[in-house]
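J.: Got a structure for you, questions after.
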Ligand code: PNW
């Protein structure tokens with residue numbers, strides 16, 4: 001028995017998410033320019049097994065079938081990203097109509113099947129031509145990004161009603177400019193705050209441009225990983241506060257409150273943290289129609305000498321961990337949604353990514369993939385979301401990461417996050433049991449989330 005109070009809200013958007021570089025393949029097709037990820041993956045030693053996005057899930061050629069599969073699963077929404085260098089091969093200036101046509105066809109296919117598109121402008125694949133001009137370190141990128149966004153707004157607004165500027169600016173800067181595990185692979189404490197600030201200026205400029213051209217909704221997607229102290233020692237508590245400011249508050253604070261948390265300058269970056277002009281903050285702080293939150297895990301934090309945070313994560317003895325080493329901790333999702341409501345106001349919120357990589361068994365003879373751990377992960381996190389809704393959070397939808405097994409950035413094809421299995425030899429798609437479970441949850445408006453798992 002499911003009481004109404006335990007149902008998901010009317011109109012709740014049930015979907016799945018992907019990103020261009022992770023699924024499309026054919027990165028140079030139809031006149032596209034190279035991106036920093038094409039370059040990075042083709043540099044020896046940068047990705048596991050030297051994996052690249054040259055083929056990926058071949059979605060660029062199989063888009064129609066993939067949308068048909070989404071419809072078969074009963075998805076109500078699909079979150080995808082656009083590859084900037086397909087639209088503007090040089091990053092600015094000349095528009096590549098064939099690149100634009102691909103996304104226009106994708107959106108038409110989705111709408112024909114009653115699936116609402118959520119379009120992300122930037123999911124990490126910067127045009128290489130712009131990296132040559134300094135990329136996120138060049139202040140002009142705010143205008144470059146607004147120009148790129150405007151091309152898409154003019155072509156697709158109305159058919160697309162939900163727009164996202166950036167996906168996870170924290171990962172872009174921490175991975176791309178501080179630790180170097182992601183493209184463009186820089187390692188500089190001095191560059192990181194500059195890249196952060198220009199990402200957020202670009203976000204602001206793209207929202208401003210949207211208000212001139214677009215008539216629907218635009219927001220920002222961030223990843224949040226709640227931080228819990230390992231012990232109550234003053235050192236661990238201070239480390240937890242630093243880690244939380246750096247990862248969780250940095251981007252939403254400046255976008256919604258118009259200032260960065262003071263820990264960034266005072267305790268983390270020190271002399272590497274520049275003073276920014278007031279007009280920059282005015283550009284960054286734009287009214288947003290929604291925020292998107294990507295949630296995978298929490299971390300338990302202790303004081304360490306790690307650079308530059310002086311905070312590190314502790315592995316709990318009793319926790320369950322996914323194949324990427326992330327603890328399964330659904331309560332963290334409830335906690336963070338309540339935290340965001342209290343800190344930023346009850347702004348409409350989508351869970352724009354949530355999911356897990358687990359060791360999946362091979363596709364069985366009868367064409368099934370039994371993935372009980374992923375089913376359990378989805379069930380627990382959907383329950384956590386409903387608990388947040390019960391506590392008054394305005395949660396409008398949920399996008400599983402990911403629709404398909406795909407290219408996990410520098411980890412290559414070694415980690416499978418999909419609810420649909422992809423055979424990279426034949427490109428055959430096989431919905432895993434978690435996909436069937438999720439279909440039923442969608443069909444029942446979430447009521448079946450409470451049912452015991454089938455096995
Ligand atoms: C997200 N972290 O990345 C991305 O948006 C996806 O493209 C990616 O495939 C997915 O999560 C799974 O990794 C993240 O360290 C990468 O906290 C790292 C973190 C969070 C999100």
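Even glycines carry a Cβ here, placed using N, Cα and C.
Keep in mind that TrEMBL annotations are predicted by a computer and have not been checked by a curator.
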J.: 22, 167, 296, 401, 408, 409 bind substrate according to TrEMBL; which of 59, 123, 445 goes with them?
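T.: Between 59, 123, 445, TrEMBL records just one in the substrate site with 22, 167, 296, 401, 408, 409, namely 123.
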J.: Which of the listed recorded positions (353, 408) has the least company, meaning the fewest other Cβ atoms within 10 Å of its Cβ?
T.: 408
J.: Of the binding-site residues 123, 296, 408, 409, which one sits closest to residue 353 (active site, nucleophile) when you measure Cα to Cα?
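T.: So, spelling it out, the nearest of the binding-site residues is 296.
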J.: Whole-number answer please: how many Å between the C-alpha atoms of residue 22 (substrate binding site) and residue 168 (active site, proton donor)?
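T.: Spelling it out, the Cα of residue 22 (substrate binding site) and the Cα of residue 168 (active site, proton donor) are 15 Å apart.
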